[in-house]
Structures are given as structure tokens and as C-alpha cells.
């Protein structure tokens, strides 16, 4: 659902920012430290309940304030906009509201406001640990399969309990086997959802990458976390003695990974930084496109667009995002790096950010 209105209070240097974004393209220009990225951070916070810049909530709550607040109105095809809000307290408490009523969890916001982030740290999707790529897959599986989150939570709980049991030591194989039934059932469900999602994502990724560049041939390979020739029950049974020795569960969905390959090896090892940026951008856009094809509009956040992409690829990236008919927020230090030829029918709004103050520079459809 596109953001119709956004109110931000006490997020970093944004004491009070209120504005009505375009349902299509929003460009925010400002110097480093001006607060432009904090606008994207606030939108991300409203969707995920956490920042993409820091895991420590106290770092983004404005100094001398007890909490930060992000409020938005979300467009609906029928009826009045939905009012959603999130308040993050300095003590860590999160208060989520939808239509004025307290929500049970941030997940209810994530369902209503899917957000995709493309920023300089997106390289971590290739460079980082498998856990980052699992998060990438799980975000998609969450939106693709309505039963995924319940299975994932149950499996995580069973895995944690099993590892606690293993750390205590002196456990028999028969007791562990009895305990493993729920772990295996839920783990297989999580694995099947992940596998199905990657299969759906792959052709979208290949197509998007080809639109960004014709110079790369990249494939996606899903590793489920154990031998593909075995089911999870067989893998867990074969590994019980080793698990007892190690004191933790060494095989299963918690070891899953998304392997990004070129013809000559891992994409991380064979591609330049600029090419890696294109691959990661294609992965993110493909995820969004798949969601849009399901009738689920989402918001793209593109922070520091010029970073590591030349003007030609920046133009292609923006044209591709524009073609998805999604709401887009783009930040840049220099105005000329986002001075593209948008479609005549695209509502582009340009904002300037100075010391936490946001001002509208231009609004409306592009001139012919």
C-alpha cells in the first residue's frame, strides 16, 4: 500500500517531519548528515520494527527524547486510507497501532507495508554470512506463503529447545529422537516454502538482471542445509551422535543458503563491485516484482543511488523501478545524479533536506 502521508518524530535529527509523498517517485536531495537517509530509515522502521542502519534502537531515537514515532496513512483501493503507527521507546518497548487499535506484533505492519531496500550496504547480501541470505529468502517466503511465519516460529522454538537439551549433555539417542519429531515436521515445512519461493524468484531475477545489463549471466542455487538426496528426518537421524558430541544441531534449515553463481564461480569472487551492485539490485527488484505480480504493491527505498553505479546503470535501474508502478523513495547528495528523463505520466516529487528540515522543490507529472 503506498504511503499517502508520513509523519516522523524524533528519529535521529528529524524532530518533526510531515509530508505527502508521491504515490510513484520521490527524490530527496541533501548533504551527508542532513537527514535524508533518516526518512528512509523511518519508513523501514514502520515496516520492520527495526532500523537498517543500527541494531541498537537508542542510536536512532533523538537525544533527550524517550521515544520516536512514525505514523503513516496507507492508500487503499477502496475506502479511506489505513492509519498505522509505531512508537519505539528508549527502554526497547514497541507500540504498534493500526486504525488506532493496538496490534499484536510488527508482523501486522509488515503485511500491510512491504518494503524493499537498495543501499550501499546491500553488498552484504553477497559478502555476508548465509544468515543474511536466509533473511532475504524468508522475507519473500513470508509474503508468498501465508503459513510460513507460523511454521518458521515453531521450528525456531523447537530448534532452540533442542540445542538447550544438547548443551546439557548426557542425553540418550532415544530421548533425542522422540524430541525431534516436531523439529523435523516444521523444518520440512520451512524448507519447502523456501524452496518454492526461490523457484518462483529465479526467472524474475534472470529477467530483471538482463534489463539492467546484458554482460552478466548469473544463476541462483538454493542449498537447503543438508544433502539434497535426503529428507530432513534422514539427515537429523544420521547426525544425532555428532550433535550430542558438538552440543548443538549441525544440520537443518538453519544452515540454508542462497548461492549466487556465475559460469566461473561465486559471484562474490568473480564480479566487480559495480557488477555485484547490479546483481543485488536485480535480486531486490525481482523480489518486489514477484510480490507485485501477486497483487501486493510495495515501497522501494533506494539510498545513495549514485554509489558504485555509473549514470547509464542508474538510469536503467530507475526506469525499471518506475515500470513496476510502485512507490519509490530515492536519496542522493547531488541533484544531477537523479535528474533522469522520467515518463511523462510519472508523478515525480523532489524534496530538499537541510538539517532535518524537509521542503518540497517540485511536484507533479513530468513535462513533455
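Positions of Cβ are set from backbone N, Cα and C atoms, glycine also.
Residues or ranges marked as ATP binding site by Swiss-Prot on the basis of sequence analysis: 30, 31, 32, 33, 34, 35, 36, 37.
Each of the binding-site residues 32, 34, 37 was scored by other CB atoms within 10 A of its CB, and the lowest score goes to 32.
Just so you know, the Cβ of residue 30 (ATP binding site) picks up 22 other Cβ atoms within 10 Å once every protein chain is counted. Within the group of binding-site residues (33, 35), the Cβ with the highest number of other Cβ atoms inside 10 Å belongs to 35. Neighbouring residues of the recorded ATP site, listed in sequence order and excluding 30, 31, 32, 33, 34, 35, 36, 37, comprise 38, 331, 333, 353 (Cβ within 8 Å of the Cβ centroid).
Neighbour count (other Cβ atoms within 10 Å of the Cβ, all protein chains): 28 for residue 36 (ATP binding site). Neighbour list (residue 31 (ATP binding site), Cβ cut-off 8 Å, at least 6 residues apart, same chain): 333, 354. In the three-state DSSP scheme, residue 36 (ATP binding site) is classed as helix.
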